[in-house]
Amino acid sequence: MACSYFCTCSLLICSLLAFLVSGSQIQKTFLPVISFDEGYTQLFGDDNLAIHRDGKTVHLSLDERTGSGFVSQDLYLHGYFSASIKLPADYTAGVVVAFYMSNGDIFEKNHDEIDFEFLGNIRGKDWRIQTNIYGNGSTSVGREERYSLWFDPSEDFHQYSILWTDSQITFYVDNVPIREFKRTESMGGDFPSKPMSLYATIWDGSGWATNGGKYRVNYKYAPYVTEFSDLVLHGCAVDPIEQFPKCDNTESSEAIPTGVTTVQRIKMESFRAKFMTYSYCYDRVRYKVPPSECVINPKEADRLKSFDPVTFGGGRRHHGKRHHRSRAGHVEAISI
């Protein structure tokens, strides 16, 4: 790709992501929310995709026939991408809802990917969120992190957002950063750097999503319906053929974060201390030496080691009773 392609995008993204209102949450009303037809097209699922509320809310369904999904009309090189999502309730084991960026349809052998994945569970157990990052086809190095939440994501809409620049990726839940991933020189091409489309899907992940495939989708509870609203595509659109950026939308750029503020970092550290249940950086089984981009936080390491001494500490697993705190015990935990 030509130098002007990246230079123009970098300059525009710098102006687009001008500044963040100090320490406060981003107000949805400041962001250019679009209708489905303005920015997306159906990916698969036939009538399992339904558009509601003047075209600004989309329902995706999973039943015995098929899942469903949609994809952005444009490719993007960097930007801020967001949606308010309400997940299915009740028994959802094996169900996967994904909100992610990828270019796997264009770069089959060296694709990039930035993932939010929502993993269903059996009745009485909570949904879990997983984030993951691939660059240049580096799928052999899983960069997963997994979390529980301080709310029930099936009761109401909550906002999930991805900020992607040329130097970092930040994941947000209700405008609270939950993961910050910074580009390092040692990563080489493993940092996502090629234009990507934005996707939303619901599908059957029975083989792995819940307890490694122990609990599968039960279609007695179908259809499983997830709802998407407040759709935001605010970034550098790229012509897929000419590879030329079409970055002409700078309205409301003041509402877009440039990174994690001091106040937000405190909230992020609080979230991770209480709700992160897995991080590849601490997985001693998969990686005897953490991947080069990992920054080890001793507090995170100690907490995860106590949570699972085999995976995170090389210890021996004990098979006695384990006591789990309910979400009710977590309600005050994050105070955000």
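Glycine is no exception: its Cβ is also placed from the backbone N, Cα and C atoms.
A quick note: this is a predicted structure, and the numbers were derived from the prediction, not measured.
In TrEMBL this protein carries:
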- 1-23: signal peptide (SIGNAL)
- 24-228: domain 'GH16' (DOMAIN)
- Glu117: active site, proton donor (ACT_SITE)
- 315-328: compositional bias 'Basic residues' (COMPBIAS)
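Every protein chain shown contributes to the tally, and the Cβ of Glu117 (active site, proton donor) ends up with 19 other Cβ atoms within 10 Å. Summed and averaged per residue, pLDDT over the domain 'GH16' (24-228) gives 93.
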